[in-house]
């Protein structure tokens with residue numbers, strides 16, 4: 001930890017108060033052992049169960065590969081979309097502290113239910129006879145219902161944990177001080193560091209126990225870790241900064257849109273930064289925003305007419321007839337983010353494949369460790385994605401960023417959008433490498449002696465599964481740039497009272513990627529079923545053309561990268577009070593805080 005970061009512990013003690021509000025005692029890094037500790041154990045528990053869920057569904061519940069892959073994608077999509085609902089209840093009613101507490105407990109109960117499906121014979125189908133696929137029977141309705149109940153509770157838990165954890169951690173730093181701002185920037189990087197560390201442990205130790213020792217024990221460990229996460233979280237409750245819910249932030253958004261529609265016939269003002277109605281509630285936690293000349297049709301919501309009345313305190317008498325320029329600019333912030341968010345959906349499809357079909361590639365590759373008979377579990381190879389991400393984050397945060405900061409004079413070294421763009425470019429390279437490796441694996445399987453037959457799959461190629469490491473490594477670097485950049489982007493560009501919703505937006509993008517990936521699989525499966533090249537995505541990858549599927553995703557990635565670059569050039573970063581004052585000083589010229597991608 002740098003000296004400046006240590007100073008954050010002291011400078012963050014500074015308070016932000018109003019005349020009638022209690023002091024806020026920012027603990028900064030002092031609160032991180034509890035928050036990051038809870039996050040680590042929570043991720044160890046959740047990932048320890050979900051990382052090998054694909055194999056669990058195909059081997060224990062006897063589901064077909066395409067059914068299991070689709071089910072995982074739908075589960076991931078629903079889990080991530082659920083974060084939007086969790087964020088709404090958090091920001092509107094309960095606050096982040098209570099939401100996180102409830103969600104962590106729900107996750108524990110869900111993981112316990114999944115463990116019981118493995119521990120109790122009546123809750124899963126009977127094992128297949130040796131090498132006898134014809135005797136494999138799928139789960140009964142009751143068994144499937146119990147499994148889905150556990151998954152449903154995990155969805156509830158993730159819906160509260162995922163959007164609130166990042167924002168709750170960032171709440172512990174004072175955003176008004178330089179040390180606090182640096183603390184927030186570093187927190188995003190170290191949050192993902194602990195996240196990937198938990199994934200690495202889950203994908204090695206826990207997955208090994210599940211695959212080679214016992215599913216009951218292997219699924220019991222995550223449930224115990226989740227219980228520890230609950231304890232760690234509540235132990236630190238006395239030192240947390242607990243930001244209270246301020247009511248539905250979406251109400252203000254709805255007001256601006258509806259009022260702008262009502263006043264659509266009004267003419268736009270010549271100097272809107274001076275003439276639009278201005279009012280900021282005294283207890284508002286949102287920073288003041290300067291006027292921007294995008295989405296001008298929304299400006300009409302802040303144009304005063306003779307019919308509009310003002311209260312003695314300066315607020316509009318009817319907020320459904322007149323909005324402030326601050327409200328309008330907050331809605332503009334949301335609208336500017338959405339095109340960037342749309343690009344995330346296509347970008348993350350490349351990462352989704354490393355968590356699904358890349359595992360199937362490992363299943364039909366030589367996974368022996370050296371000359372021994374020990375086989376590395378197929379799902380464990382994803383750890384190389386986490387390893388590259390984990391190793392790169394400290395280098396980026398402590399070496400690359402300080403160097404670029406000195407060279408370019410920017411707080412983060414490069415802009416957030418530049419960081420995201422680099423990640424999206426790497427996602428295209430990841431899919432190209434994946435396609436080349438799969439073509440090599442398949443060719444060896446068809447032209448050289450194989451190493452037996454994978455259950456319910458096909459012949460095992462003599463190509464070493466180590467050939468998969470480069471694509472996983474590139475996938476980790478992709479996430480280090482794009483995923484972390486997107487989380488930071490949403491957090492900083494959303495109004496302060498919508499930061500839980502900002503956190504959920506990232507996961508909604510992941511949900512869109514999961515659903516889009518499922519749709520893409522179904523389309524490719526249907527379109528190629530009767531083609532001359534054969535089905536690209538059969539159960540036996542040796543009979544398919546998974547490499548063609550990867551090339552298709554790479555082409556989509558190129559198009560998506562071009563779209564992102566256009567959106568990034570058009571984008572204007574959210575302003576602040578300083579830029580507002582500067583804008584007024586220069587008589588309405590464009591705010592100096594507005595920056596482009598380059």
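From the backbone N, Cα and C atoms, a Cβ is placed for every residue, glycine too.
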From 529-547, 548-566, the residue range that TrEMBL assigns the feature transmembrane segment: 548-566
Segment assigned the feature transmembrane segment in TrEMBL (from 47-67, 68-88, 215-235): 215-235
Candidates 100-120, 140-161, 188-209; stretch with most C-beta pairs under 8 Å toward the transmembrane segment (215-235): 100-120
When counting Cβ pairs under 8 Å to the transmembrane segment (100-120), the leader among 140-161, 188-209, 374-396, 416-437, 548-566: 140-161
Remote residues contacting the transmembrane segment (548-566) - C-beta distance under 8 A, at least 6 residues beyond either end: 340, 343, 346-347, 349-350, 353, 357, 420-421, 424-425, 427-428, 431-432, 434-435, 438, 520, 524, 533, 536-537, 597
Tertiary contacts of the transmembrane segment (140-161) (same chain, 6+ residues out, Cβ under 8 Å): 42, 46, 49-50, 61, 75, 78-80, 82-83, 85-86, 89-90, 99-100, 102-114, 116-117, 122-125
Distal contacts, the transmembrane segment (416-437) - CB-CB under 8 A, six or more residues away: 340, 343, 347-348, 350-351, 353-354, 358, 361, 467-468, 470-471, 474-475, 477-486, 488-489, 492, 547-548, 550-551, 553-554, 557-558, 560-561, 564-565, 568, 571, 597-598
